[in-house]
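Enquirer: The annotation transmembrane segment is assigned in TrEMBL to 12-29, 35-58, 65-84, 104-125, 156-175, 195-221.
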Amino acid sequence: MTMVLIAGGIDLSLGYTVGITSIIAGMLVKSWGVSVLPSVLLTVLVGAVIGFCNGYIIQKIKVPAFITTLGTGYIIYGIAQIISRGDVVNRLPEDFNAIGATEILFLPSTVYIALLIAVICYFVLHKSIFGRTLMAFGFNERASFLSGINIDKLNISVYVVNGILAAIVGILMTIRVNCAQPNMGGANFTFEVITAAIVGGTSLFGGIGSVVGSVFGVLIIKMIENCVNLKYI
């Protein structure tokens, strides 16, 4: 979400993308008997397609990001309910759960996957031409266009990346609870992610933000949640 916000956009379909990728991953490995690697790749592809659709509608058809992603979010949620028939898929195969449940140095592999993704995003956003171009685009879209930047390709790419990351989150959350469900994520998850990014210093108006700040934003939000929960136990 940080990259989308830096680009001056927003993705309200994020939580629903997590939900549909959760149920797709669960049905692939459990109901349809597809092996783990193809299931993961197909699930990530679904996330990429959703991101591409969002980016294309926003950048090419010029529908505002708020309206586009809100609409696609509800469509995605409806599709997830239809293909799952409103039910959950539990007791997932052990080899699928091993992706995120394997312990390494007393920590689940999910933690290391999240750290790896954060490091990759950091270098992409702060140490690459793509990242600097994205910052410029978010700060001033018109100036970026006049300087020769392919703003259509750039903005669509940002939403594709966001969709891929949402799919990975859907897979990891499914592994965490050992259950795939269409309600995974949802609107609450989306707004929690946006809040964490803003707390971490990312601007809603684009052009400003960092991966490190967003990581600290997530930690702060989770610390507050845990404190509130402990207070009322």
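Note that Cβ sites are derived from N, Cα and C of the backbone, with glycine treated the same way.
Source: prediction; values computed, not measured.
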Enquirer: Mind checking which residues reach the transmembrane segment (104-125)? Cβ under 8 Å, same chain, six or more beyond either end.
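Expert: The answer is 2-3, 6, 131, 134, 165, 168, 172, 175-176, 210-212, 215.
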Enquirer: Which residues of the same chain, at least 6 past either end of the transmembrane segment (156-175), have a Cβ under 8 Å from a Cβ in it?
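Expert: For the transmembrane segment (156-175), the sequence-distant neighbours (Cβ-Cβ under 8 Å, at least 6 residues beyond its ends) are 1, 3-4, 7, 9, 11, 14, 17-22, 25-26, 40, 43-44, 46-52, 54-56, 58-60, 92, 96-97, 99-101, 110, 113-114, 117, 130, 134, 184-185.
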